[in-house]
Amino acid sequence: MHPPETTTKMASVRFMVTPTKIDDIPGLSDTSPDLSSRSSSRVRFSSRESVPETSRSEPMSEMSGATTSLATVALDPPSDRTSHPQDVIEDLSQNSITGEHSQLLDDGHKKARNAYLNNSNYEEGDEYFDKNLALFEEEMDTRPKVSSLLNRMANYTNLTQGAKEHEEAENITEGKKKPTKTPQMGTFMGVYLPCLQNIFGVILFLRLTWVVGTAGVLQAFAIVLICCCCTMLTAISMSAIATNGVVPAGGSYFMISRALGPEFGGAVGLCFYLGTTFAAAMYILGAIEIFLVYIVPRAAIFHSDDALKESAAMLNNMRVYGTAFLVLMVLVVFIGVRYVNKFASLFLACVIVSILAIYAGAIKSSFAPPHFPVCMLGNRTLSSRHIDVCSKTKEINNMTVPSKLWGFFCNSSQFFNATCDEYFVHNNVTSIQGIPGLASGIITENLWSNYLPKGEIIEKPSAKSSDVLGSLNHEYVLVDITTSFTLLVGIFFPSVTGIMAGSNRSGDLKDAQKSIPIGTILAILTTSFVYLSNVVLFGACIEGVVLRDKFGDAVKGNLVVGTLSWPSPWVIVIGSFFSTCGAGLQSLTGAPRLLQAIAKDNIIPFLRVFGHSKANGEPTWALLLTAAIAELGILIASLDLVAPILSMFFLMCYLFVNLACALQTLLRTPNWRPRFRYYHWALSFMGMSICLALMFISSWYYAIVAMVIAGMIYKYIEYQGAEKEWGDGIRGLSLSAARFALLRLEEGPPHTKNWRPQLLVLLKLDEDLHVKHPRLLTFASQLKAGKGLTIVGSVIVGNFLENYGEALAAEQTIKHLMEAEKVKGFCQLVVAAKLREGISHLIQSCGLGGMKHNTVVMGWPNGWRQSEDARAWKTFIGTVRVTTAAHLALLVAKNISFFPSNVEQFSEGNIDVWWIVHDGGMLMLLPFLLKQHKVWRKCSIRIFTVAQLEDNSIQMKKDLATFLYHLRIEAEVEVVEMHDSDISAYTYERTLMMEQRSQMLRHMRLSKTERDREAQLVKDRNSMLRLTSIGSDEDEETETYQEKVHMTWTKDKYMASRGQKAKSMEGFQDLLNMRPDQSNVRRMHTAVKLNEVIVNKSHEAKLVLLNMPGPPRNPEGDENYMEFLEVLTEGLERVLLVRGGGSEVITIYS
């Protein structure tokens, strides 16, 4: 047999065994179970899906005949050779081919051909492996099955600890973990009512009437509306942040710090802590004011007969009693915080009953107003605390005698001829109704403002009065503080704070992402309605002089809002006292825990001591610091002076919440996927502007102090964490900012929630330096929602000195294409002697500092089967191995020419994700990013995962739906059951054909090398420029062999070659005795089974994403690996094979 003839027959064998196209051999499909009747991929797969499992184990004479004919036509071997494989297949057809028939394998070659796995357990039995997922078994330790992880992923939520503690707890073995009680609180009990309790507070009962009387109904309505708009816009921003992942215990501080980073987070967290601490002081002062002024006035320790000094005595009383109250409350919190929580519902009931009493009283006043007369001297309001009758004289035993009022304004209380105050002499004493009622029309008088300086007498403008001034008497009702619009804003704003009570309880909520937005916004709407309606009701029911009487002196010392309530003023007094005490306890409970959370984050080193707690978890040191700061507020002693301080810190906090939402929305990071949809950066910016305006409106100097404190904290945290880099002039500002940002990014790998795809797109160039597959760039541009880095790279094979000009020309070509496809990024070309080395250099060295790629995008080598050169697929697998070694993600687009351009838009369709193994969550993130682009926007996401026989598919579906809910990704979920089934004869035959083809190609490459060596040498030496695209690299062994052959053809070499050809012929004869390697059979079984279910479910999908199995550890199985991937993806129009980089890229946390 002469060598040329042998070569010809070998070539015929290769094309006969693996036809490159179905049309090449009519009626013959290289993947169909019925090898004689399939003609198209669509028909082939639909038919295969319909073939019953039992039919594949029946005798298949057609298949065996086809196999025999293929071999016979190729080589015409002796009959004993041809009959052997047929007998084997017929024998196998009588028994389903499973792992139990391992005796059919050629034991002498089994281990050598087992390129994927060398495991002792394999020979003992197949139970060690999952038959249906054999393709993925090598990496099960790093990429576990989805079914084994779903339950744990779905139950990440509702944790009682913070994210940091949760990450630490994940390292504890399951046996050591304490069972956590599942939170059961819903929207009403968990968010709505706590928000109501925290928003309604002391200001409503003690100051709202005074605000209405001083500012007038219109301006008071504007104050309340502005404050409510501020909190509503903040709540919208907070809802977006809160629903952007699971918010463990830590609430608002956790949200802000994780959304804005440690510097802003620490600054805002401390502002929020100080606000909560001063809130405790304000509530305590409010409770003391109710206690000393309205409940037990005689309990006052300090007194003064001078009207101007009486307020100073009252402040001293507040300091003494406030300190005592603070110590008592701290002891209650220290000893038993659980009692505070138990009585919270009682305190809330007090608030609700008090508010209902106000509405009931307002309604009743329209037909039966309560009797609260107000004594007036001219148009001046008199205090009724010490007078017996509202007149200058009174009758006793038919005798007219001076009244007590006479004695207050005259130098003698016994005689009518005494010297009296001039104003008292010229004006009459009259009594007016303090609560005229809803139908009286008094609102017309109360519409306008009446701002007064401190010490002025409260007057009724519409009453008649002489122009005589008279002397100032302490029996008049005086203004105790200079009033203005800005002051009232600062005093009222604390009454709308407390909107974060729901997010603070996020760890106790059954579904925080649903409950927090609904509960918080409903609570704000409720409280806003109450406040706005009360402004109107107070102005319509109560006399103006009574409204401006802060402490109720004109109505016998009653609480002004209590005079309107029904059935008794005591309902409001007692209810407001207990609710204020309860709010103070809640603040003293929450503030230390907030400080503890900040201290545990360790962003402010000097606060580290406050992160410690006693045995039962109570933050003792933090409680003591909170009490000390609250004492500072109590020493101020005035509710009207503490409230603006409180406003500053809360406004600062709300400002940064709005800033966080606006920044996240504008930056559009991949992790920004709020389940709450009704937000916009403009709303957040408006909320931020209102917060800033309110800070300076209420008190510009307090605002500056608060901002300086926040700025100092920010700079301190930044100083502790990193050096500050300054620019060197205006011209270098951009460079300095970029350098500083790169140095900051260099500090470490990004947090999971900050991960975004930084793409390295590997392009193929043709001989004319044009991009072969521009759709690969189009696809990269459609992922630009990730807002990450894009580097477009390619390799020119040759010498850098000779090919530098071509590299520049190719770079310009690629840049023009990038502009056309609207890809914002960088282009980098490498000139290398070998393509694989060039690709490796690109993957290793592209990028700078933290701006390095984390994902490689490349196309599938479509012509690898047709190519006689192994370079077509060896470069591809080499690239896969390099990306895996570099811990980079890999995206392989198959049939890239079918991918849509940027001008095409799908009006409907599905993006199908087949989640087989978990390798970091790339499969979840990619379809979300694609849907941000107009091309894919109208497509729906469907996520499929595979259940085995031992899996609970119903529970898996629930867990997967829960997991996606927490990821804020809207997708249809389906669990596909793949029960263990016998390996079909078709799978066995497909594996056999694959291995025969590999063996024949190996022999043919050897023969072809010998035949063409002289011509190849001439070609290699004369080629000045070799531009080789990715997927067609030189094989290293071939090149080495060619470089060694420099001699001309000799007789000795001719004889040696004849011996090698003889061995080659023997190898071909052995092909007919081959029995497929069992590990390859099992992998082919996985590919076939998965392909069946994928094509059945996703044959009409616009895009299919699925896990890409890893390459074999033993390079001998590389070609089989390519075949497995081909089988896995056959019959699908657009496929994206995804291989994660080994780190998590998506998280449920905020």
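We count from 1, first residue shown onward.
Including glycine, each Cβ sits where the backbone N, Cα and C put it.
Among the features that Swiss-Prot reports, region 'Disordered' is placed at 20-66 (among others).
Per Swiss-Prot, the feature compositional bias 'Low complexity' maps to 28-45.
Per Swiss-Prot, the feature phosphoserine maps to SER32 (among others).
Swiss-Prot lists SER120 (among others) with the feature phosphoserine.
Residues annotated as transmembrane segment in Swiss-Prot: 136-158 (among others).
What Swiss-Prot lists as phosphoserine is SER148 (among others). Summarising the environment of SER148 (phosphoserine), the number of other Cβ atoms within 10 Å of its Cβ, over all protein chains shown, is 13.
Remark: THR444 (chloride 2 binding site) has no non-local neighbours by Cβ distance under 8 Å and separation of at least 6 in sequence. A helical conformation is recorded for THR444 (chloride 2 binding site) in the three-state DSSP classification. Per Swiss-Prot, the feature chloride 2 binding site maps to ASN151, ILE443, THR444; the stated evidence is experimental evidence.
Taken from Swiss-Prot, the feature region 'Disordered' applies to 161-181 (among others).
The compositional bias 'Basic and acidic residues' annotation in Swiss-Prot covers 163-177.
The transmembrane segment annotation in Swiss-Prot covers 166-188 (among others) and rests on experimental evidence.
Beyond the ends of the transmembrane segment (212-245), by six or more residues, the same chain brings 252, 255-256, 259, 443, 446-452, 483, 485, 488-489, 492-493, 495-497, 499-500, 503, 506, 512-513, 516-517, 520-521, 524-525, 527-528, 531-532, 535-536, 538-539, 542, 544-549, 651, 654, 657-658, 660-662, 664-665, 671-676, 678-679, 683-684, 686-687, 690-691, 694, 753, 966, 968, 1147-1150 to within a C-beta distance below 8 angstroms of the stretch. Annotation comment: Swiss-Prot describes 212-245 (among others) as transmembrane segment.
Beyond the ends of the transmembrane segment (264-287), by six or more residues, the same chain brings 201-203, 206, 252-253, 256-258, 318, 322, 325-326, 329, 494, 497, 577, 580-581, 583-584, 587-588, 590-591, 594-595, 597-598, 601, 603-604, 626, 629-634, 636-639, 642-643, 645-646, 648-650, 652-653, 656-657, 659-660, 706, 709-711, 713-714, 717 to within a C-beta distance below 8 angstroms of the stretch. Positions annotated as transmembrane segment by Swiss-Prot: 264-287 (among others).
Feature annotation from Swiss-Prot assigns transmembrane segment to 288-316 (among others).
The disulfide bond annotation in Swiss-Prot covers CYS375-CYS390 (among others). Over all protein chains present, the Cβ of CYS390 (disulfide bond) has 18 other Cβ atoms lying within 10 Å.
According to Swiss-Prot, the feature disulfide bond maps to CYS410-CYS420 (among others). Here CYS410 (disulfide bond) comes close to PRO402, ALA418, THR419, CYS420, ASP421, PHE424: these same-chain residues lie at least six apart in sequence, with C-beta atoms under 8 angstroms from its C-beta.
Remote same-chain residues near the transmembrane segment (434-454) are listed as 212-219, 362-363, 365-370, 372-374, 461-462, 479-485, 536-537, 539-544, 546-548, 554-555, 563-564 (criterion: CB distance under 8 Å, separation of at least six residues from the stretch ends). Annotation source Swiss-Prot lists transmembrane segment at 434-454 (among others), citing experimental evidence.
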| Between the transmembrane segment (288-316) and the transmembrane segment (569-589), are there three or more C-beta pairs closer than 8 Å, counting only pairs 6 or more apart along the chain? | yes
| remark: Top of the recorded positions ASN151, THR778 by count of other CB atoms within 10 A is THR778
| note | For TYR1121 (phosphotyrosine) and SER148 (phosphoserine), the CA-to-CA distance in whole Å is 25
| task | Please report how many Å separate the Cα atom of THR778 (phosphothreonine) from that of ILE443 (chloride 2 binding site), as a whole number. | result | 67
| task | Only counting partners 6 or more residues apart, tell me which same-chain residues put their Cβ under 8 Å from the Cβ of CYS375 (disulfide bond). | result | THR381, LEU382, SER384, ILE387, CYS390, LEU405, VAL429, THR430, SER431, ALA554
| Largest inter-residue Cα distance among ASN151, ILE443, THR444 [record-listed chloride 2 binders, Å] | 65
| Alpha-carbon spacing, ILE443 (chloride 2 binding site) to SER148 (phosphoserine), which is rounded to whole Å | 69
| task | Would you kindly list the residues that approach the transmembrane segment (630-649) from elsewhere in its chain, counting only those six or more residues past its ends and only Cβ-Cβ distances under 8 Å? | result | 202-203, 206-207, 271-272, 274-275, 277-282, 284-286, 289, 315-316, 318-319, 322-323, 326, 481, 487, 489-494, 497, 588, 694-695, 698-699, 702-703, 705-706
| request: Work out the three-state DSSP category of CYS375 (disulfide bond). | output: strand
| remark: Across every protein chain in view, the count of C-beta atoms other than its own within 10 A of the C-beta of TYR1121 (phosphotyrosine) is 22
